[in-house]
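Working notes for the structure below.
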Amino acid sequence: MDLFEYQAKELFAKHNVPTTPGRVTESAEDAKAIAEEIGKPVMVKAQVKVGGRGKAGGVKYAATPEDALTHAQNILGLDIKGHIVKKLLVAEASDIAEEYYISFLLDRANRTYLAMCSVEGGMEIEEVAATKPERLAKVPVDAVKGVDEAFAREIAEKGHLPAEVLDAAAVTIAKLWEVFVKEDATLVEVNPLVRTPDDQILALDGKVTLDANADFRQPGHAEFEDKDATDPLELKAKENDLNYVKLDGAVGIIGNGAGLVMSTLDVVAYAGEKHGGVKPANFLDIGGGASAEVMAAGLDVILNDSQVKSVFVNVFGGITACDAVANGIVKALEILGDEANKPLVVRLDGNNVEEGRRILSEANHPLVIQADTMDSGADKAAELANK
């Protein structure tokens, strides 16, 4: 889960990472009031989960509360790379002597953690990596040893931070590592990490991505979920513990196992080339259990997608046998009743497939069309979606 900047800074404050005071608001008048309360020049910052806010006009300096009001009025509702600004962070402006970059992330290729540090902060880190790679340090982090202040100082030194700030930077970097580990993050990034004229080290910005797989031990993270920004179908799927990702096609997909579902997406996309360019509408993995309740929940999500014209159910029976899957489909259609109003192409294979096909045949549901193979099922689903 990606966090807004203000949420990242809430975690920073929790772990004593120094930053600038401020508050979030959805109102231009409140932005003015916050600026008056701070009593100093402020930054008015769009809260969107995408980079490039400054270039898009989403970050403005306000010398007075009236300036904050004007900037807030202009920024709210702004479209930044497809993200509409609904919230603003009004934070005390800071004098900046130098800007640095620091992040902790997963290094999946090497199966470890990675610290990245650079004296070239305040600009896109991809640009630094491309134009000044020698100025960007990439330091592997031992998962057991972690990052204490001594190792944090090494990271800062390798990032070419000035000698006079190494000790102060090390304290903040070690605290950012604490955020990364204790909050189960997959990314903690500060750009810029700044030195002020009086040699304070402050995290002026913050980007944090939390690992959803750790939600069971991080109950407090639920408050960070932005339901307004989450697709309602994805939200419904999550409430039913379904692995669902909405796409932009017309063929709804249900399968058991991520690998099979990914293959199904490819086969449907290929078949769709013959039927007007039809594409998959979603990724939906129901996992190992295809009970009536699970199948009904999956179909309920997909059938509520107005873009879906047909559904392809592609299941390989393993631990869950095909007869159980077939019974699940039949009962799911009973549960949904009139809400099930789009054709379902069903391909079953694997454990007890003949019994599963018999159950579907005897049910004789008008919406269900059986397919013998994945290719024929994908072709039929694409054909139906193109009608």
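Quick reminder: no glycine exception, Cβ is built from N, Cα and C everywhere.
Keep in mind that what you see is a predicted model, and the values were worked out from it rather than measured.
Feature annotation from Swiss-Prot assigns ATP binding site to Lys45, Gly52, Arg53, Gly54, Ser94, Glu99. According to Swiss-Prot, the feature Mg(2+) binding site maps to Asn191, Asp205, an assignment based on sequence analysis. Per Swiss-Prot, substrate binding site is recorded for Asn256, Gly318, Ile319, Thr320. Marked as domain 'ATP-grasp' by Swiss-Prot on the basis of sequence analysis: 9-236.
Most Cβ neighbours within 10 Å, among the binding-site residues Lys45, Arg53: Lys45 holds that distinction in the structure as shown.
A Cα-Cα distance of 38 Å separates Asn256 (substrate binding site) from Gly52 (ATP binding site).
In the three-state DSSP scheme, Asp205 (Mg(2+) binding site) falls into the coil class. Put simply, Asn191 (Mg(2+) binding site) is 14 Å from Lys45 (ATP binding site) when counted between their Cα atoms. Under the three-state DSSP scheme, Glu99 (ATP binding site) falls in the strand class.
The DSSP secondary structure for Lys45 (ATP binding site) is strand.
Taking Cα separation as the measure, Ser94 (ATP binding site) is nearest to Asp205 of the binding-site residues Asn191, Asp205, Gly318, Ile319, Thr320. The shortest Cα-Cα distance between Glu99 (ATP binding site) and any of the binding-site residues Asn191, Asp205, Gly318, Ile319, Thr320 is the one to Asn191. DSSP classifies Asn191 (Mg(2+) binding site) as strand under the three-state reduction. Those residues noted as binding ATP (Lys45, Gly52, Arg53, Gly54, Ser94, Glu99) have their most widely separated CA atoms at a distance of 20 Å. Per-residue pLDDT, averaged along the domain 'ATP-grasp' (9-236), amounts to 94 for this model.
Just so you know, of the binding-site residues Glu99, Asp205, the Cβ with the fewest other Cβ atoms around it within 10 Å is the one at Glu99.
A separation of roughly 48 Å, to the nearest angstrom, links the Cα atoms of Ile319 (substrate binding site) and Gly52 (ATP binding site).
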